[in-house]
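Visitor: Encoded as structure tokens, here's the structure I'll be asking about.
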Amino acid sequence: MAIKIGINGFGRIGRLVLRVALGRKDIEVVAVNDPFIAPDYAAYMFKYDSTHGRYKGEVTASGDDLVIDGHKIKVFQERDPANIPWGKSGVDYVIESTGVFTKLEGAQKHIDAGAKKVIITAPSADAPMFVVGVNEDKYTPDLKIISNASCTTNCLAPLAKVVNDTFGIEEGLMTTVHSITATQKTVDGPSHKDWRGGRTASGNIIPSSTGAAKAVGKVIPELNGKLTGMSLRVPTTDVSVVDLTVRLKKAASYEEIAQAIKKASEGPLKGVLGYTEDAVVSTDFLGSSYSSIFDEKAGILLSPTFVKLISWYDNEYGYSTRVVDLLEHVAKASA
């Protein structure tokens, strides 16, 4: 039986989750909710994408429906998740991708509206976080609301797991050089919580905070308190890169570290962690479905216990693919 899902929030992640889900035979997208997007506009936004290109199938709007390749998807425009008719529509799982309802209290409204389970596509202050390839095996069916963590945590955690499992991490610092996201400004504007974040996105390198490294401690308890990090927002539309600098417990050569990562990418983390020895740049990873692609040529080792590792990620498409993977895992575990 198909996994019946609804998507709340038809932004960058919501639309790409839909693209990915349409390619999975075991998933049926029943409905989309976004208070700011009517069916005809939803069709336009789904069909045309400045970053990932035009959708190759047929996309139209018909009444209250978004129609993709003949498949009808209900479009609701409710501001309050409690009012979305998930139950009446037969939706079992909700992908919460507004970026607003990231806590248990807000996400619970989807359950109240008839959904059985919710996956939040953002870090959560109180919902359990899962990263595919790292700790999804810890999921238990009694959990109704979970978080897929952030795109950066999804990039960092698989890399940190391999390094920690093989050599041990004493402590580390992470910097993500991160593409523009929707929260940034096209020109200088007010941003009271983050003054730098209010500066023109297209013309600046903007230092910012991120909880991605600390969140790794939630999905790999052994690393709790051992990692922290920051973000540099740069004027690219998509694809980001993690710079992880760590002190190792066990001495190793750079070649040994790279080989351990390569082995994991071909084994237990296949499809999640990638590996490349090519002379790549950011656009080479547009549309990549990996969470993290280790760049063997870009890292450096200062001493046998002090190393910098570089890993790329499509912060939109790779993350959206993992959301759908986590959904399938949850559905299977809950069956």
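Cβ coordinates are placed from backbone N, Cα and C, and glycine is handled just like the others.
Swiss-Prot lists Cys151 with the feature active site, nucleophile, giving sequence analysis as the kind of evidence. Residues or ranges marked as NAD(+) binding site by Swiss-Prot on the basis of similarity to another entry: Arg12, Ile13, Asp34, Arg79, Asn315. For Ser150, Cys151, Thr152, Thr181, Thr210, Gly211, Arg233, the entry in Swiss-Prot reads D-glyceraldehyde 3-phosphate binding site, with the evidence type similarity to another entry. Annotation source Swiss-Prot lists site 'Activates thiol group during catalysis' at His178, citing similarity to another entry.
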Visitor: For the NAD(+) binding site, please report the maximum Cα-Cα distance among Arg12, Ile13, Asp34, Arg79, Asn315 in Å.
Guide: 27
Visitor: Provide the number of Cβ atoms within 10 Å of the Cβ of Asn315 (NAD(+) binding site), excluding the reference atom itself.
Guide: 25
Visitor: Counting other Cβ atoms within 10 Å of each Cβ, which of the binding-site residues Ser150, Thr152, Thr181, Thr210 scores lowest?
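Guide: With the binding-site residues Ser150, Thr152, Thr181, Thr210, fewest surrounding Cβ atoms within 10 Å: Thr181.
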Visitor: For a quick check of understanding: among the recorded positions Ile13, Cys151, which residue's Cβ has the most other Cβ atoms within 10 Å?
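Guide: Comparing the recorded positions Ile13, Cys151, the most crowded Cβ belongs to Cys151.
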Visitor: Can you tell me whether DSSP puts Thr152 (D-glyceraldehyde 3-phosphate binding site) in helix, strand or coil?
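Guide: For Thr152 (D-glyceraldehyde 3-phosphate binding site) - judged by DSSP and reduced to three states - the answer is helix.
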Visitor: Which residues, in sequence order, are found in the same chain with Cβ within 8 Å of the centroid defined by the Cβ atoms of Ser150, Cys151, Thr152, Thr181, Thr210, Gly211, Arg233 at the D-glyceraldehyde 3-phosphate site, excluding those residues themselves?
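Guide: Sorted by sequence, the hits are Thr176, His178, Ala212, Ser231, Ser240, Asn315.
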Visitor: Given the recorded positions Ser150, Cys151, His178, Arg233, state which is nearest to Asn315 (NAD(+) binding site) when distance is taken between Cα atoms.
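Guide: In terms of Cα distance, Asn315 (NAD(+) binding site) lies closest to Cys151.
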Visitor: In sequence order, which same-chain residues at least six apart have a C-beta under 8 angstroms from Arg12 (NAD(+) binding site)?
Guide: Thr181, Ala182, Glu316
Visitor: Rank the recorded positions Arg79, His178, Arg233 by how many other Cβ atoms lie within 10 Å of each Cβ and give me the one with the fewest.
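Guide: Each of the recorded positions Arg79, His178, Arg233 was scored; lowest Cβ tally within 10 Å is Arg79.
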Visitor: Could you state the whole-number distance in Å separating the C-alpha atoms of Arg79 (NAD(+) binding site) and Ser150 (D-glyceraldehyde 3-phosphate binding site)?
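Guide: Arg79 (NAD(+) binding site) and Ser150 (D-glyceraldehyde 3-phosphate binding site) have their Cα atoms 24 Å apart.
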